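One structure below.
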Amino acid sequence: MSLWLFFVQTVLLIQCALGGLPNAKDYLVAPDLLPGLNDVKDKELIPEMHAGHIPLDDGDDDDDDDEKNYFFWKFHDLANQTSVVASKTLIIWLNGGPGCSSLDGALMESGALRIDDDGEAYLNPGSWHTRGDIVFVDQPAGTGFSTVGDSKYDKDLNQVSKHFMKFLKNYFKIFPDDLDKDLVLAGESYAGQYIPFFANEILKFNSKLDKDDNEEESRSGKKYNLKSLLIGNGWIDPDQQSLSYIPFALENNLISTKADYFPDLLNMHSRCQNLVNNNGGKKFSFDECEDILTKILYYTRRKTDENGNKVPSNQECTNIYDFRLFDSYPACGSNWPDDLPSVSKFLGKPGVMDSLHLDVDKVPHWRECDSKVSSHLKNKNTQPSIHLLPNLLKHMQIFLFNGDKDIICNSRGVQDLIKNMKWNNHTGFTNDAEYYDWQYYDQFTDDTISAGFVKHESNLTYVSVYNASHMVPYDNALISRGIMDIYLKDVELVVGKDNQDDVIISKDFVVHSDHSTGEEELSADQKQDEDENSHKDRHRNSDKFEIAVILLVVFSITGTIAYYFLRERFRKQIHAILIDPENRPPSSNKSVAWADDIENQGDDFKLSIDEAPSTADKPAKNKSGYTKVPNTDDDSFELDNL
């Protein structure tokens, strides 16, 4: 450990011990201490980073949070790659589990860094930090690098929410400028529970400030500017989503109605349906329902391939996070993603934890998921987050995006929970819902890729992402970043003609690669600026040149004003999803608790994702048309519904 890092960590410990919080500069990460970043040729592309522990202790002697610390890692763009609206946006990213580290997101998904096979960091060209500052948080306590000490683990989502609010309060004390930014809560999987619960607490916090103007707040009484929730492949409605497993597996030819095991699966589905119908929303989830997926994996275990050849042991089980892949049994995806060993290698390298301001004597080595967190979080007296969504939709935009190759939180289940949810005086998407094909334009290859489709109504947006797994940004970060572009309205709209669907096109207004030489081709404007600067240096004292520059500026400003006036005058009418809502006219360990005791064994292999987009996830032209999950009045399971 360097003397500087030792000094910084000592300062952090002293400040925490005295009840104070460190300053933002105390959390600064030196990029040259992270293996691999010294090899980045264009150093300006390396984001500003802050990382470390933020204590949850708020001076309340009645709680036991003294030893709870949440680890965070923040990325801020320094290369002017963000738009104006993105520069005013703060994204907080949460991974799921429960108990799985958000460093999955930081180092394998939407974060600024990716890790190679040697455990060296390189820049992620599809990082979301170019669409807003992004903060990855390990929570609840005990997850990833976050510590629980001798305190108790959280038992339900209400406790988790209370602790997140403590983290948020102290975070904004350390980074007060972020209070003025638009807050976006984003994440995936079990974060489909976390995010709505946290949003609900933020609404209550803001409401309390409205009611009690005289209350003295250490944060000057400012509200949190929560604007949107982005939930990817979320576990939101355990009942409805468990009932999607058999229909989804049939739609994707993962099981067959002609198989000997199919009657047993039908019986399990029927038992689950009966429990759900008689639940009344009182129980968080049923083991009998979640066991359906476990049984599907058991029955579809492969011993031989279609040619009768013995299957390698690491290819026996379908990967529940990406059904194009296989894994050993009973891991069935727990060894995935392929980058996971590299991330562990990176975080275990000398100096990395020091650079992240972590005391190696007090913080254990990094584990992706912690079973103690998931085993304690039972939610015995808690309803799932689906019950919170209707009210949240009155106050903010909610985006539910889904990779279409995921099984455990599959697109069928998410579409069905939308279909059965009542909000804004209607149930599910109506015939008035907006529908768009979503395309991604690759400026390097000049190709347009079919990325998915988008459906929107009354503050709710559903985004299907083609050829993507449970971890959408892992498969294609550039395309996944288009979800943020849709939220930020940084997309192009092509209005369909002759009964064709409208098309949303996302593309990168700036895309950089750390593998570049630092001599990338300049845009026309950049070349002009460079030429002008050079010209000024050579003729600094020339009166004629100064006059020419003044005239050039005048003509440039005039031309720019004229361009924007004409563009606004003749541009196509943008649909509601792309209009500011305020101006809109009225109209499991790693898995989701399915196998906590699953063994981690074997290596999975990866198939190519460059295939034709799936059509199973795409609704019919009738905008209200979704396939049905069996849910009959007589509590029975009808095969015809499949």
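Please read every residue number as a count from 1 along the shown chain.
Cβ atoms are placed via backbone N, Cα and C, with glycine included.
What Swiss-Prot annotates here:
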type	residues	note
ACT_SITE	Ser189	active site
ACT_SITE	Asp406	active site
ACT_SITE	His470	active site
CARBOHYD	Asn80	N-linked glycosylation site
CARBOHYD	Asn425	N-linked glycosylation site
CARBOHYD	Asn459	N-linked glycosylation site
CARBOHYD	Asn467	N-linked glycosylation site
REGION	515-539	region 'Disordered'
REGION	609-642	region 'Disordered'
SIGNAL	1-19	signal peptide
TOPO_DOM	20-544	topological domain 'Lumenal'
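Residue environment of Asn467 (N-linked glycosylation site) contains 23 other Cβ atoms, counted within 10 Å of its Cβ in all protein chains. For the topological domain 'Lumenal' (20-544), the model's average pLDDT works out to 90. The Cα atom of Ser189 (active site) lies nearest to that of His470, taking the recorded positions Asn80, Asp406, Asn425, His470 as the candidates. A straight line from the CA of Asp406 (active site) to the CA of Asn467 (N-linked glycosylation site) spans 9 Å. Between the CA atoms of Asn425 (N-linked glycosylation site) and His470 (active site) there is a gap of 31 Å. Rounded to a whole value, the Cα-Cα separation of Asn80 (N-linked glycosylation site) and His470 (active site) is 31 Å. Across the structure, Asn459 (N-linked glycosylation site) and His470 (active site) place their CA atoms 24 angstrom apart. The Cβ of Asn80 (N-linked glycosylation site) has 9 other Cβ atoms within 10 Å, all protein chains considered. Close to His470 (active site) in the fold, though at least 6 residues off in sequence, lie Glu188, Ser189, Asn233, Ile320, Tyr321, Asp322, Gly403, Asp406, Ile408, Cys409, each with a CB less than 8 Å from its CB. DSSP assigns His470 (active site) to coil in the three-state reduction, outside any helix or strand. Fewest Cβ neighbours within 10 Å among the recorded positions Ser189, Asn425, Asn459: that distinction goes to Asn425. Taking all protein chains in view, 28 other C-beta atoms sit within 10 angstroms of the C-beta of Asp406 (active site).
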